[in-house]
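In what follows, a structure is listed as structure tokens, so that the remarks can point back to it.
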Amino acid sequence: MTLNEKKSINECDLKGKKTLVRVDFNVPVKGGVITNDYRIRSALPTIQKVLNEGGSCILMSHLGRPKGISISEAAAVRSAGKVPGYEEAATLRPVAQRLGELLSKPVVFAPDCLDAADVVKKMSPGDVVLLENVRFYREEGSKKEEEREAMAKVLASYGDIFVSDAFGTAHRDSATMTGIPKVLGHGAAGYLMEKEISYFSKVLGNPPRPLVAIVGGSKVSDKIQLLDNMLQRIDYLLIGGAMAYTFLKAQGHRIGTSMCEEDRLDLARSLLKKAEDRKVQVLLPVDHVCHTEFKAVDTPVVTADADIPDGHMALDIGPKTIANYVETIGKCKSAIWNGPMGVFEMTPYSKGTFAVAKAMGDCTQKNGLMSIIGGGDSASAAEQSGEATRMSHVSTGGGASLELLEGKTLPGVAILDEKV
């Protein structure tokens, strides 16, 4: 699978136009306060481009998973003086305030995304409007295309141009991701979307070799398609996290009370056979950091080899495994990482994950390694380890990056115009 280049915001005539930008402002909010504004900051270059070119910007996003109401129920709610579908925990109002601070200019907040025509009419070049959470309406994520289209038609009526900068939701067929470009008949990629497409097309197309995939997380079953697809492309596979114990048991090792998918042992064996047939070198843990319970302790047990003692569960890769994995990363020219090596949220079990992050950061800076972190837990681990800024690319999309690595097409990318 190759990802074709998409029409860029650079190729759009933005002057005097109202540009609808689908962003991903799904940020963590506690008590009305944003605890991490990384996703807001990531969208700034695209927003600034629209404003610098003499256009105005209408921003759309979701936040969280509100219940939402249907468009047909909205009129009655509005006539009662309320905002349709409103949930305080999911409002984008704090985001409008933070965005205004980052842009050093006021951002107008439209409290009902489907009743914002009057707000939009008053816009002048240089203005920024943020619409309230698009998921306050069920049609945003409806399974029925006609329902998504009904919502998309209202939103499309606000603007002239559609730009998508929300890679994090590119795997979803929604009113704002695929509906609006269908209604308008066009769509371009913002800078963040462009960067994501560029890096994933490199790693899935013709990457500098050798290419290593570092795959962790808890379940083999969650990563079957990813492993199957990536085994056609990679030179090395490093396996960590709880999924490693299913592979080790499949090879006949003792795994104590470690997490294991007993019904996936044959699958693990078939994946290892596939790797052998394709001449992919697979590295599994040769030692472990263990404890009798799932909790942080000052002195966890480090095993001498790949076998885990009875009554113990492995919670991180051990020092010999770390050395093997770091050495392998050092041999490579490209690396893609999806899933932690252990329970990195607990300090005693974070060494494996953070060592992989550091090795990738070091090799990127010193050897020119092309390093890509698939979003989700791996992105959080890269952030926590302090290595995120030393990587080539940390993806903003957990689910979207996983689906790309599985070889799937992302609806929110496919709908955009091809680069001419």
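Glycine residues also receive a Cβ, built from the backbone N, Cα and C atoms like all the rest.
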If Swiss-Prot gives Gly217, Lys223, Ala314, Asn338, Phe344, Glu345, Asp377, Ser378 as binding ADP, which of Gly240, Gly241, Gly361, Gly397 does it give for that site as well? Gly241
Of Ala242, Ala250, Ala359, residue recorded by Swiss-Prot at the AMP site of Lys219, Lys223, Ala314, Glu345: Ala242
Neighbourhood of Asn338 (ADP binding site) by C-beta distance under 8 A, where only residues 6 or more apart in the same chain count: Ala213, Ile214, Val215, Gly216, Gly217, Lys223, Leu226, Gly374, Gly376, Ser378, Ser401, Leu402, Leu405
Going by DSSP, give the three-state secondary structure for Arg39 ((2R)-3-phosphoglycerate binding site). helix
Across all chains shown, how many C-beta atoms besides its own are within 10 angstroms of the C-beta of Asp222 (CDP binding site)? 13
Can you check which residue among the binding-site residues Gly217, Gly241, Gly339 has the largest number of Cβ atoms within 10 Å of its own? Gly241
Close to Asp377 (Mg(2+) binding site), taking Cα pairs within 10 Å and only the binding-site residues Val23, Phe25, Arg65, Lys219, Ala242, are none
Quick tally, other C-beta within 10 angstroms, His62, His171, Lys219; top of the binding-site residues is His62
Largest C-alpha distance in Å for the ATP site residues Lys223, Ala242, Ala314, Glu345, Asp377, Ser378, as a whole number, is 21
